[in-house]
Amino acid sequence: MADGISSFWGPVTSTIECCEKNYAYSSYIAEFYNTISNVPGILLALIGLVNALRQRFEKRFSILHISNMILAIGSMLYHATLQHVQQQSDETPMVWEILLYMYILYSPDWHYRSTMPTFLFLYGAAFAAAHAFLRFGIGFKVHYVVLCLLCIPRMYKYYIHTADTAAKRIAKWYVATILVGSVCWFCDRVFCKRISQWPVNPQGHALWHVFMSFNSYCANTFLMFCRAQQRGWNPKVKYFLGVLPYVKIEKPKAQ
């Protein structure tokens, strides 16, 4: 939310601003809450990465957790600066990440193993190049939503073919977090003028970041469980500190 305050980064050049007063706490951080709210995403992705590496999951899951961290860092840069270049460091990883999800979801049944990763890599590279020179605006949102919708049928298939109650609970948390987070995002965008008059701003976009951090973690954990089932690794859902779910596997000695 622009307010004319001078800053280290100069005038706002991003195409989107959220309902938060700019530079309220520091001349180096444009949107304070929207910046720090990405920290849970980095921490949760780090926990997932450690688990994936420790149990020697396939590299795709390590890359997926790393992509979550890259996205969170890119979002921090964007909200801290409100510059167009940093906005791309948030939006481009969003597309790369969803392409990676598409690969993980659909590759087990893809008969031509090299075609899918090659196509998705070229698609992601082409998008990054185009996005570096063009400001897609609403086109970016439509494009991203379409990619997300392409993942839903496969996620639902995995859900209905999973008998484990704890794993299904993770999938339900995945749905719940994205729904609640979307409501927070929507209210922040649509009712900003009204919210700005409240004594306390609930920081809907920052809440969106927090909910989506848990959403990504739940998605990754559920997919790791499903993949472990496919590989015959006898997966079980355990809880870190009794709260945070993770997947524990038992690989056959041959693997």
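Glycine is treated like the rest: Cβ placed from N, Cα and C.
Keep in mind that TrEMBL annotations are predicted by a computer and have not been checked by a curator.
Cross-referencing 32-50, 89-107, 108-126 with TrEMBL places the feature transmembrane segment at 32-50. The list of residues near the transmembrane segment (206-226) in space but at least 6 beyond its ends in sequence, with Cβ under 8 angstroms from a Cβ of it, reads 20, 33-34, 36-38, 40-41, 44-45, 47-48, 52, 57, 61, 64-65, 68, 72, 75, 101, 104-105, 155, 158, 162, 164, 167, 170-171, 173-174, 177-178, 180-182, 184-185, 188, 235, 237, 244-247. Burial estimate for the binding-site residues (Glu20, Glu31): highest at Glu31, by number of other CB atoms within 10 Å. Its own atom aside, the Cβ of His205 (Zn(2+) binding site) has 24 Cβ atoms within 10 angstroms in the protein chains shown.
Non-local neighbours of the transmembrane segment (62-82) in the same chain are 9, 12-14, 17-18, 22, 28-31, 34-36, 38-39, 41-42, 44-46, 48-49, 52-53, 89-90, 92-94, 96-97, 100-101, 104, 209, 213, 216-217, 220, 223; each lies 6+ residues outside the stretch with a CB under 8 Å from one of its CB atoms.
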